[in-house]
């Protein structure tokens, strides 16, 4: 009985993945160095990348969010839910 209970606890922990935090890119370039990553805060389950053109060229903003941010017209956005997907 104790073995069964212990097995259930282990399986539950593995399925819930307790303590997991999403990791998103935070750089503002087309490609990001591997050290430009951030562990998102609790409740932030989305990585996003917004990008738009200016007179100075392409602008990019990346980060973590609880929901996919709303953007102004002319700004493109990509939202995703896996590590380093932005």
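Cβ atoms here come from the backbone N, Cα and C positions, even for glycine.
Quick look at what Swiss-Prot lists:
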DISULFID  24-47  disulfide bond
DISULFID  27-32  disulfide bond
DISULFID  40-64  disulfide bond
DISULFID  68-79  disulfide bond
DISULFID  80-85  disulfide bond
SIGNAL    1-21  signal peptide
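When Cα-Cα distances from residue 24 (disulfide bond) are compared across the disulfide-bonded residues 32, 40, 68, 80, the shortest belongs to 40. If you check the disulfide-bonded residues 27, 32, 40, 47 against residue 79 (disulfide bond), the ones with a Cα inside 10 Å of its Cα are 47. Recorded residues residue 27 (disulfide bond) and residue 64 (disulfide bond) have their alpha carbons 12 Å apart, per Cα-Cα distance. The local packing around residue 47 (disulfide bond), expressed as other Cβ atoms within 10 Å of its Cβ over all shown chains, amounts to 26. Look at the disulfide-bonded residues 27, 64 and count other Cβ atoms within 10 Å of each Cβ; 27 has the fewest. Within 10 Å (C-alpha to C-alpha) of residue 68 (disulfide bond) lies none of the disulfide-bonded residues 32, 40, 85. Other Cβ atoms within 10 Å of the Cβ of residue 32 (disulfide bond) number 17 in total over all chains.
For residue 80 (disulfide bond) paired with residue 32 (disulfide bond), the C-alpha to C-alpha distance reads 17 Å. Recorded residues residue 32 (disulfide bond) and residue 64 (disulfide bond) have their alpha carbons 15 Å apart, per Cα-Cα distance.
Residues within less than 8 Å, Cβ to Cβ, of residue 40 (disulfide bond) and separated from it by at least 6 positions along the same chain comprise 21, 22, 23, 24, 47, 64. Counting every protein chain shown, the number of other Cβ atoms lying within 10 Å of the Cβ of residue 24 (disulfide bond) is 26. Residue 68 (disulfide bond) is surrounded by 14 other CB atoms, counting those within 10 A of its CB over all protein chains shown.
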